Structure formats: structure tokens, C-alpha cells
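S.K.: Straight out of TrEMBL:
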| type | residues | note |
| --- | --- | --- |
| BINDING | HIS191, HIS299 | substrate binding site |
| BINDING | ASP211, ASP222, GLU424 | divalent metal cation 1 binding site |
| BINDING | ASP222, HIS291, GLU329, GLU424 | divalent metal cation 2 binding site |
| COMPBIAS | 1-11 | compositional bias 'Polar residues' |
| COMPBIAS | 35-45 | compositional bias 'Acidic residues' |
| COMPBIAS | 53-67 | compositional bias 'Basic residues' |
| DOMAIN | 128-332 | domain 'Peptidase M24' |
| REGION | 1-82 | region 'Disordered' |
Amino acid sequence: MTAVEATNGTAASVEVPAATSTPPADPVATSKPEGDEEEDDDNDETPAAGTDKKKKKKKPKSKKKKAVVQSEPPTVPVSQFYKDGNYPVGEIQEYLNDNAFRTTSEEMRAKEREYLLDDTPGAFNYNSIRRAAEVHRQVRTYARKTIKPGMTMTEIAEMIENGTRTLVEENGMLSGIGFPTGLSRNHVAAHYTPNAGDTSVLGASDVLKVDFGIHVHGRIVDSAFTMNWEPTYDNLLLAVKDATNTGIREAGIDVRMGDIGAAIQETMESYEVEVNGKVLPVKSIKNLTGHSINPYIIHGGKSVPICSQPEDKEEYNTKMEEGEYFAIETFGSTGNGWVRDEGACSHYAKNYDAPRIPLSMASSKKLLNTINKQFGTLPFCRRYLDRIGESSYLYALKDLVDKDIVQAYPPLADIEGSQTAQYEHTILLRPTCKEVVSRGDDY
């Protein structure tokens, strides 16, 4: 899910090889998916010469375990693939420059081993984020080959969300959807999901951003990709994917946000798109950013810019720190490279530091109680309220937004007629290495 810069304005996924040279050995042994087991060979001895041949005793053959295979649409929880509870490690990347020592530092390895001693399920156990990431990979594998022009946006959203709920074994605040499924099209860059009654249909010339999140024990995986069905904007997608990978490569402990943003923009704006014989530059959308992620809080307080920043700006000198989780996401546009609010709002989230303000309306009190119980500080949308039986809540929701208890996230759009694209991954800054937990074979 996207942060806006503060202005006025089929089957289980396997571990992806490291993108750099040989990575540090991971201290956690990763479980393999359940599958066939080999049978034991018979060890019967050959009778000695001249002796009576005795009939061999056949050993009972071990039964093969039936391989677990994901269904279509996906309905098999990922826990059935990894029954020992150890989920696939993401892509491992070594730290660069001054932090390269961490790869082989015994002190850093000891620190990481200490972190991993706690087997308690929770937000700070790596398996929580890895389980969420495996759900994301399996759900998006089906989504990427199923989404086609002619489908309604509601059909697409519900397909992704139903798969997520089933594969993560939705369980109240312990596991479930991390934020509403973003399905922004064309010049709309972020924060659109259909409200009830929306009959919008995906068109063959649309450029679709698919942005969805999954949480386990509040640890949110935030990852996004872009789809198109005709080649005009292929270079736009390549530019944004390359820019996101640049941001991931440059990210690390003690790295300044301004340096990451400058590297992303340089990569992004090295691309062009030809539309109807006219060459258009690809621009970084300046007022959209990546962000840190805290338990149950999708926007954790730090922004990762996707363009260069003035060196005297506070954001430029903010640094990433050990143990932090970040969504590295970039947006490219053929328009102005600047977004503004457009259209009906669908995304909302309770502010984690919401003020304690007396509510005079009974409907506002009731809705706030529902939000606290069902979502806490996780983002939600109007369809989610409809799904749990809330009705006639729009006035109460507006009241909570007006009182700054709930934050509204309206759709964000560049100029009409332009096209925008998005790619995003969640990374974990471990003591010894950088783990791209949401990486898959697809992107």
C-alpha cells in the first residue's frame, strides 16, 4: 500500500536464488514442501554357494506421501505445504559498501542466532513474515494467469481476497488480509478498490496495478505488480520494475533515504515510451514513496522517496536501521509525475495515534468499536464493512475521518490520458543480510 509524501497536496514457491554473489548461509534451515518420499532398498543377503536357496522375505514397502498441490483457484492453506512451520526464506542480498562486513561478521551472526532462538509465534519471528510472503506468491501466481480483460474489478478483488483468506487461514487479528486489494488502472496510480455497486470492467488497453497485502501476527507483506495486455507500455513496466530493484539493491542499514531516492529516479528516468509515434519520458511520481512497516501499521513512519531530495530536507538524511521492515515501491508515469486525489474513497485506516475525542453520535461509537475489533490499525475498505454486516455507516465514517480518528486514503491519479505503473517488494534488514521476503519467480 502506497505512502503519499507529506505535501499540500502451481504449487508452493521455491526459494529464489540470491541476486548477488554467494550469500551468507542462512541460520534457519528452511523446510521443504511436503512431497514424495523414496522407498528403502532391500538389503537381503545373497545365499552362500552350495546352500539351499531360501525364499527372500519381502520388506513392507513404505507408503508414498501424496504430494501437496495447490488447487485452482487456490484453496489449500500454505501450512499444508510446510508442516514443520518453517517457511521459504526470501531472496538474500548482501549489504554493500560500509556494511559489507556484516555478511561474514561473527558478531552479527551471533546476534541473528540470538534473535532466532525465540520460537514464539509473533511479529518478530521471521516465519510470520515468510508465511505471509508465501501466501502472497501463491495467490498472485493464480491471479496473474487468471486476470483478463472483461472481468469486473469486483470479481478480481474478491478472487484475490478469497484466496488470501483461505491460504493464510484468516483468524481474527492473528492472520488475514493486510490491506484492501488495490486495482488502480491507467492514470490512477494507487488506492483504488471497488466499492459496493462498482461495475467497472477491465479493458484490453488498461494498465492495471495489483497491490495487495497479507499479515501474520501483524507482520505485513506489501507487494505489487503491474499487468498490461498490449505492448505499447511494456517499457513503462520495465522502467518501474528496474527502478524497484534499484531501490532494493541500494537499501541497507545506515543508508540515507535521499541516496536511495536519487538512485531510483536515475534508473526510472533512463527509460522512454513511444505512444502513437511520440516518445514520452518515464517520470518518477514525486509525491509517492515507499515506507517502513511496523506490526499492524502499514505506514510505519519512515518514507523511502523515489526521486532525488534536497540535502537539507529531513527526509534526505533519515537512515534505515537494523531490524526494520520496508516496502520498496516505485511508480512511473508518462504524465506529470505528480498525483492528486481523484474519485470516491474506498481505503481507510484507524490512526495508531488517534486522539481521544468524545463521540456524540451513537453510530460513530458503534462503528469505531467495530473497526477496533475487526481491523485495529490495519487498513480496511467499505466492502469489508459491508461483508461483516455494517450498513448505513457512511455518515459515521465521515465523522471519524473529520475527527482524525480514521485516515481516508482516496485514489491518487496523475493527469487523465497518462499511464502509470507500480512494482513493490517487502524487505527485511537482518543483522547479516537483506532479505527480500516477497521475491518470487515472477518478479
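For all residues, glycine too, the Cβ spot is worked out from N, Cα and C.
Mind mapping these onto the model and telling me what they sit next to?
M.R.: Using a 10 Å radius centred on the Cβ of HIS299 (substrate binding site) and all shown protein chains, the other Cβ atoms total 23.
Counting only same-chain residues at least 6 apart in sequence, those with a Cβ under 8 Å from the Cβ of GLU424 (divalent metal cation 1 binding site) are ASP211, ASP222, SER223, ALA224, PHE225, THR244, GLY290, ALA327, ILE328, GLU329, THR330.
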S.K.: Going along the chain, which residues six or more apart from HIS291 (divalent metal cation 2 binding site) have their CB under 8 A from its CB?
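M.R.: Sequence-distant Cβ neighbours: ALA3, ILE298, HIS299, GLY300, LYS302, SER303, VAL304, PHE326, ALA327, GLU329.
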